[in-house]
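To start, the structure under review is shown below, and the notes come after it.
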Amino acid sequence: MIKITPNRLTLLRIFLLPIPCLLLFGGPESKLTAVGLGSLLGFTDYLDGRLARRKGHSRLGALLDPVADKIFVSVVYLLLYRLAYIPFWPVFLIVTREILVSALRNIFPGKLQVWSLARIKTAFQMVGAGLVIIVGNFMSSPLREGSLHGITFLVLALTWLSAYPYMKKGLRELRRKPRLIWAVGYRVVPPLSLLSLFPQSGPFWPLILIGLAACFLFEILWGYFRSFL
């Protein structure tokens, strides 16, 4: 019998993400199925958190869980842009926040712990993505555009509001240790470059998504192995 652990649930969320993403390219029923599957994957975030608190947090799990959320959010919102539900600029800002916070938390692991609003932010982002899909497919035209913009703006506002403590503490640490600015640069520039190329990527857009996911996963590997040094 396979034992359910927090890390396995987190990995399940990453590996099964392509299924609802592919369903988004189908008809209305397929899109609703994608929302349902995405909701189930999002629920695993709650479950692995409960299990981790009960059984104790592992070193790998503390790194893996937030990165899995960032991959989930980045991929889904880029697909919402790809499918013409929302414009690119709010997606760019949402994903940029995830990239910056991921880099800062990796460089200052003991200084920037996950805080409560950030956990709410992730759930709100997931719910917001589902609402965008439902509104975009099933709401009548006079109300649809305004509703899509309203949902996107609320998600964007909460996304950056939740980043404030990380940015404040991260900048304070960088002022104390300016030599680490280069470390932020080489963690931020590659994923931001990929993100900027997404609107012009044409048929190669899946490679951009894979590249972004790889950048986030690199943060896990680097942080995990560095913790043993």
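Glycine too: its Cβ is placed from the backbone N, Cα and C atoms.
Curation does not apply to TrEMBL; its annotations are automatic.
Under the heading transmembrane segment, TrEMBL lists 9-26, 120-140, 146-167, 179-198, 204-225.
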Open item on the list: Quick check: do the transmembrane segment (179-198) and the transmembrane segment (204-225) share at least 3 Cβ pairs under 8 Å, counting only pairs 6+ apart in sequence?
Closed with: yes
Task: Intrachain residues whose Cβ lies under 8 Å of the transmembrane segment (204-225), provided they are six or more past its termini - done: 14, 59-60, 63-64, 67, 70-71, 74-75, 78-79, 82, 95, 98-99, 102-103, 106, 109, 187, 190-191, 194-195, 197-198
Task: Chain residues outside the transmembrane segment (120-140) and at least six past its termini with a C-beta under 8 angstroms from it - done: 24, 28, 31-32, 34-35, 38-39, 42, 45, 69, 72-73, 76-77, 80, 83, 85-86, 94, 147-148, 151-152, 154-155, 158-159, 161-162
